[in-house]
């Protein structure tokens, strides 16, 4: 069998996504090239991909809520369904005007999360679109911002840590009110006089294995072909140096160093390099 993957380019939101909630607050514009989500006091909004994926390189460009975004969360993530779901999260925690956004990342395996790492960004994510990516293959999950890796979650099944590899996931995005926790632990509330809050999405691409009718569009017989090199991709030395630069200069929380939270000992994957 020849290995194939779907390569979605020149994304069209009409073709690739369904608006799932928000009662008209999510809008597809520019002939399907742009999707905006908005939040007001009554409701937020969200959308999900039509396709499910089992491994892939997922890219989306986002422009986050401008100005005083305190209390709001813009979420962009992959997830399966059910109580033992897998999930790979980007969440962008809003802040008061002039204060930096926090990029909140998490990985759920078989329904268990609590693997948060948080970062500041080295640019203003409200001024323009930037690319946020997830590489998910059988060996590793890598979070990227504009092509720079910010986080790696390696397959640590040998350490007894479950890894997302059996449950196909959809791509989701939403904009919602989380002022009970999002900004300074819930101390700063959403200022509804600034509503509606709006985030914009464009240029979705998925170089990925599409899961349909119980089968993957990728075979395992030829996964090392050039076309599917992402299936075995890991960080090279230059990318490892960039990762270290981000983690040394922009990481603001790492569950793997939070000994107060884990008095019985840190999670086993935290002993691995670049976990």
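Each Cβ is built from the backbone N, Cα and C atoms, and glycine gets one as well.
If you look up TrEMBL, you'll see 7-201 marked as domain 'GH16'. Within the model, the domain 'GH16' (7-201) carries an average pLDDT of 95.
Annotated active site, nucleophile per TrEMBL: 87, in sequence order.
The Cβ of residue 91 (active site, proton donor) has 20 other Cβ atoms within 10 Å, all protein chains considered. Feature annotation from TrEMBL assigns active site, proton donor to 91.
Per TrEMBL, the feature N-linked glycosylation site maps to 95. Within the same chain, the residues at least 6 positions away from residue 95 (N-linked glycosylation site) whose Cβ sits under 8 Å from its Cβ are 69, 70, 101, 102, 183, 188, listed in sequence order.
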